[in-house]
Amino acid sequence: MRLLIAAVGKAKAGPEQDLFRQYCRRLSPPPVLKEVEEKRPLAGPQLKAREAELLLATLPEGAKVVALDEKGRDIGSVDFAHRLRDWRDSGCQDVAFLIGGADGHGDAVRERADLLLSFGRMTWPHMLVRALLAEQLWRAHSILTGHPYHRP
């Protein structure tokens with residue numbers, strides 16, 4: 001199953017980017033990262049709608065979509081791994097994870113998402129969310145393959 005991470009904004013060099021890459025390299029094949037950015041000076045609802053368009057344009061046809069959202073479901077690592085396993089076992093070829101901009105996701109992303117996922121009620125910096133997601137993808141892989149990285 002191929003994994004795509006589509007994110008608003010360009011990653012800057014730093015420890016968050018290093019951590020993201022470290023976890024992605026552990027996965028085979030590693031997730032593909034697509035970064036989108038709106039250059040025009042839009043604000044509020046217009047910006048969210050435009051960022052949603054840009055994110056949705058990155059999706060492979062038929063992909064399952066997970067939107068990272070502070071109002072999403074807060075699930076454990078094992079449940080997350082099982083969700084990915086179930087999609088894989090049902091023949092899903094692509095899963096796309098969408099990370100919105102500073103104002104969150106536009107309605108179009110929320111409507112398209114198969115899962116709205118939260119990493120808790122706290123607000124996280126977008127670059128750190130990438131690293132958290134990559135770690136959880138590695139952890140899910142570890143859970144599903146019996147690798148000792150994840151200890152229940």
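Every residue gets a Cβ built from N, Cα and C, even glycine.
According to Swiss-Prot, the feature S-adenosyl-L-methionine binding site maps to LEU68, GLY100, PHE119, GLY120, ARG121, MET122, THR123, TRP124. Less than 8 angstroms from the CB of GLY100 (S-adenosyl-L-methionine binding site) sit VAL8, LYS48, GLU51, ALA52, LEU55, ALA67, LEU68, ASP69, GLY106, VAL109, each of them six or more residues away in the same chain.
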Requested in this report: Work through the binding-site residues one by one (LEU68, MET122) and point out the residue whose CB has the fewest other CB atoms within 10 angstroms.
Outcome: MET122
Query raised in the report: Looking only at Cβ atoms, how many others are within 10 Å of the one on ARG121 (S-adenosyl-L-methionine binding site)?
Result: 8
Requested in this report: Specify the count of other C-beta atoms within 10 Å of the C-beta of TRP124 (S-adenosyl-L-methionine binding site).
Outcome: 16
Report summary line: Widest Cα pair spacing in Å over the listed S-adenosyl-L-methionine contacts LEU68, GLY100, PHE119, GLY120, ARG121, MET122, THR123, TRP124 is 16
